[in-house]
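First up is the structure itself, then whatever we jot down about it.
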Amino acid sequence: MSQHPDINTNIDAVIDAIIGDSSPTNEQAPLDTNSVIGNDTIDTAATSDDSKHIRIVNTFMKRRTHMNKNAELALTAPEFAHYLVNNSFGDGNLEGINDLRALFAHLPNGSEAPLTLEIGFGLGDSFIEMAAAEPSRNFVGIEVHEPGIGKCAYMAGTQNLSNVKIINGDAIQLLKQLPENHIDRIQLYFPDPWQKKRHHKRRFVSPERMAIVTRSLKQGGWFHTATDWEHYAFWMVEVLDGFAGLTNQAGAGKFTDRPDFRPMTKFERRGLASGHGVWDLIYLKD
Ligand SMILES: C[S@@+](CC[C@H](N)C(=O)[O-])C[C@H]1O[C@@H](n2cnc3c(N)ncnc32)[C@H](O)[C@@H]1O
């Protein structure tokens, strides 16, 4: 995906062009979780004429990449439409999506089955593999990258899965619209590492964003994340261990091995091929 370490430099250049940030690079900066702000946070910076320049800080960069024929088919053909929750609302519009369980009310599992939300599934391979492996659990995936959304819907359709729904949009915005204690598992695999210090505020794992994630988790539910970027791994464990209401299943300060139920993701394979390590973390909501 676009923020893979190999190509992050290009993304950084694009971001700099958009937000006009010319501060120096510091890829191995010490952790500074106080500087992290949420997706909805408006970052204001004084300009030379003393007016305020307003920036919304997102965890993603939307990008145009090639859409293959199957993905395009799944985004347009009626037989795939039932997988695409906000297909008819247009590009990333989450209006009216305030109950994920209700999406399964008329499907075989019903609305009370255990519910997993995967944030940023990329092309969806591992998300679909997990959904196929656990047919009695409902799976909702959210992503902003349309070729990935199309590919994921195509795979769900060709396997005729009845426990999958796909949403186009920003997970933070979605989570804020959902009820409290709504989801059994939230998974965030290989989130964009945002390597440079000036981009750390875009990292998904931050105290502000974790407050939004935890609110919608059920008591006893879990948050599972993994990264191949070492600095982000230690950042994550510091943020999450310090978050009241979550308990690290491996013990404070410790990572867990990749559990059998988590298939290797596309992004993870690329990281491993580049010589990166992999760090998993699972937290229970108290
Ligand atoms: C580095 S890729 C990893 C993809 C996949 N999980 C994997 O491991 O192969 C991160 C993905 O998260 C998505 N993403 C980032 N922030 C998001 C957000 N707030 N809501 C939905 N998707 C998001 C990006 O579009 C990108 O596709």
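Placed from the backbone N, Cα and C atoms, the Cβ positions cover glycine too.
Automated prediction, rather than curation, is the source of TrEMBL annotations.
As annotated by TrEMBL, S-adenosyl-L-methionine binding site applies to Glu118, Glu143, Asp170, Asp192.
Summarising the annotation, TrEMBL assigns substrate binding site to Lys196, Asp228, Thr265, Lys266, Phe267, Glu268. DSSP gives Glu268 (substrate binding site) a helix state.
Only Glu143, Asp192, Thr265, Lys266, Phe267, of the binding-site residues Glu143, Asp192, Lys196, Thr265, Lys266, Phe267, place a Cβ under 6 Å from an atom of ligand 1.
For the binding-site residues given as Glu118, Glu143, Asp228, Glu268, the lowest number of other CB atoms within 10 Å of the residue's CB is seen at Glu268. Of all the binding-site residues listed here (Lys196, Thr265, Lys266, Phe267, Glu268), Thr265 has the Cα closest to the Cα of Glu118 (S-adenosyl-L-methionine binding site).
Cβ-based neighbour count (10 Å, all protein chains) for Asp192 (S-adenosyl-L-methionine binding site) stands at 23. Put simply, Asp170 (S-adenosyl-L-methionine binding site) is 22 Å from Glu268 (substrate binding site) when counted between their Cα atoms.
Among the record's substrate binders, Lys196, Asp228, Thr265, Lys266, Phe267, Glu268, no two C-alpha atoms are more than 23 Å apart, and one pair sits at exactly that spread.
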